[in-house]
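Colleague: Have a look at this one.
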Amino acid sequence: MSILETTSVVDTDGPSKNPAINEWVRDVALLTKPDRIVWCDGSTREWDELTKSMVAQGTLIRLNPEWRPNSFLARSDPADVARVEDRTFICSERREDAGPTNNWRSPFAMREELTTLFAGSMRGRTMYVVPFSMGPLGGPISQLGVQLTDSPYVVVSMQLMTRMGSAALDLIETDTPWVPALHSVGAPLVDADGTRHDDVAWPHNPTKYISHFPETREIWSFGSGYGGNALLGKKCFALRIASVMARDEGWLAEHMLIIKITSPEGRVHHVAAAFPSACGKTNLAMLNPSIPGWKVETIGDDIAWMRPGADGKLRAINPERGFFGVAPGTGITTNPTAVDTVWGNTIFTNVALRDDGDVWWEGLTPKAPAHLLDWQGEHWTPSSEGPAAHPNSRFTVTADQCPTIADDWDSPEGVVIDAILFGGRRPSTVPLVSQARDWAHGVFMGATMASETTAAAEGAVGRLRHDPFAMLPFCGYDVTDYFAHWLEIGETLGADAPPVFSVNWFRKDADGRFVWPGFSENSRVLEWIVRRVEGSVETVDTPIGQLPRLRDMNVEGLSLGYEELQGILSVDRAAWLREVDEIDAFFGEIGGERVPVELRRQLASLKANLR
Ligand code: GTP
Ligand code: SPV
Ligand code: MN
């Protein structure tokens, strides 16, 4: 960590080899007026100093080192607990480039507005310069960025979630592309007239802006300290800005997990899968197969950057260094791998605190402790009204602590993707698994995904909405152009394009219970998918795609009746005709004629086949 006082920084050269970075840091400091500037090096010492000072300040609670060494609990402000989609903007020069699914503002108007908000916004605080790499340092698919932030919580989180520090800064030469990512919680400690305030545990501002400038590849985030709003390498860079880079350069930036599957015969396959927020990516990424002989290893749990390689095959990297995983529902029976991963060196946000100084959340253990402090620090017992942990409470931890991490998880060239999965929370209609007839049909499956909303974003939970490719909140440009881009990637890949599947773990029965047991039992679906990739099982052709023959599904030892299985592996024509109407309306909403003709043709033939 190298520290500069603001007054001196104006005439001091920064440590970057890239003069544009030094200049930008200086300009932002002149605008935001922090007391000090700290260039972060990513060292253990830096982590220790920052966590220690946040404990002293009240932002972090040190957990009992006996149970959870070097780990901390953060309690956010109740008004800052998730991504804010209605405050997220794509500021392309032309409104139509942002498309109908994004909030749009003119970049000129937005910069002006943000400049006013950022003026003096860091008064009394430290501005941290956080250089980072998305993807392995120096890797051919990796990208560099620099985040400026006045939140030390963000700094330590970025240390876990990205390759952060001096090594990343050293890679940015004068001509190296890098993404500037400016962040302030918008809570200065000193007023313009010099009045100083005490700090609070979780500073934020009721006015929030998560703004992206795709043409100049910049991010400006104001007012929130939470997750995807504030850890700007993640959704803002690795998805919204990167999707624009990917469109321009012929690759894909996706909301996908990546796993490595080894069959009992020892054959290795890699699978990428897109599910909307809080719909099962981390869980599938860490899957512990219930069927003998199968092994699943983790490569990534949230984001995949994929591009056709020199061999013509689709290759993927996980651009992240860690996991920002949903805590509730993560337990010893559902995801023991995640439970093992967070043994220490972990930041927990908005979970409950046990009396013994460890953490707890709904689903960690079958039985809740008799007494806890809930996510807001209030006394909680099992008879209390609300949950002890916030539904979007999370753990932040590096990937290398995951016991199932694959040895090639950080391979700079990435892994060859053998199958792509799309899934969502669908209580009805969508079967457990089906295969697309070809790439174009697979793109149609991705484009027409819908899922129930979750606590990962502010707003109502459980509302079914279209979420194409699980990218609705993350695509940095017009979603119909994004569909066209996916179709073009298929042209490039040709016969090497991986097969595409639709999956749904969330079918419910008449009593509202999940029909499919999910979690480790999802390995049975992976087995069928691998058998399809290997070409060793046949399918049943239906209007919506190719479904498994029931006899090919491994249900040995599963307490699921034949009829229940048949129910989630068949096509309900009436429901699908309603689905067709929904898709029709959705295509109309996102621009009708702008939807690629191939996808409109797919919809027409689906409709015809159902009748
Ligand atoms: P983001 O980090 O928000 O992108 O979410 P994610 O897609 O990684 O979701 P995650 O795996 O964290 O799962 C979210 C919730 O879904 C958790 O509460 C899980 O327990 C639950 N879940 C995951 N897999 C399954 C499953 O197979 N069946 C059921 N019923 N629930 C599941
Ligand atoms: C999601 O909402 O999809 C997440 C959490 O993975 S956040 O980083 O907040 O976007
Ligand atoms: Mn996500």
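Note: Cβ is positioned from N, Cα and C throughout, glycine not excepted.
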Colleague: ALA278, CYS279, GLY280, LYS281, THR282, ASN283, ARG425, PHE519, SER520, GLU521, ASN522 bind GTP in TrEMBL, but which of ARG307, ARG394, ARG549, ARG551 does that record place at the same site?
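Modeller: Candidate listed by TrEMBL for the same site: ARG394.
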Colleague: According to TrEMBL, TYR226, GLY227, GLY228, SER277, ASN392, SER393, ARG394 bind substrate; identify which of ARG68, ARG75, ARG83 is listed for that same site.
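Modeller: For the substrate site that includes TYR226, GLY227, GLY228, SER277, ASN392, SER393, ARG394, TrEMBL also lists ARG83.
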Colleague: Among the binding-site residues TYR226, THR282, PHE519, name every one whose Cβ is found under 6 angstroms from ligand 1, counting any of its atoms.
Modeller: THR282, PHE519
Colleague: Over the domain 'Phosphoenolpyruvate carboxykinase GTP-utilising N-terminal' (23-247), what does the predicted model average in pLDDT?
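Modeller: Summing pLDDT over the domain 'Phosphoenolpyruvate carboxykinase GTP-utilising N-terminal' (23-247) and dividing by its length gives 98.
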Colleague: Relative to the Cβ position of GLY280 (GTP binding site), how many further Cβ atoms are located within 10 Å?
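Modeller: That number is 23.
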Colleague: Quick check for the class: what is the C-alpha distance, in angstrom and rounded, between THR282 (GTP binding site) and ARG394 (substrate binding site)?
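Modeller: The separation of the Cα atoms works out to 12 Å.
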Colleague: Near ligand 2, meaning Cβ under 6 Å from any of its atoms: which of the binding-site residues GLY227, GLY280, THR282, ASN392, ARG394 fit that description?
Modeller: GLY227
Colleague: In this structure, which of the binding-site residues GLY227, GLY228 has the fewest other Cβ atoms within 10 Å of its Cβ?
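Modeller: Per-residue Cβ counts within 10 Å for the binding-site residues GLY227, GLY228 bottom out at GLY227.
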Colleague: Other than LYS235, HIS255, ASP302, which residues of the same chain sit close to Mn(2+)? List them in sequence order, counting a residue when its Cβ is within 8 Å of the Cβ centroid of the site.
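Modeller: Apart from the listed residues, the neighbours are GLY228, LYS234, ALA238, LEU239, SER277, ILE303, PHE474.
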Colleague: Cα distance, SER277 (substrate binding site) to HIS255 (Mn(2+) binding site), nearest Å?
Modeller: 9
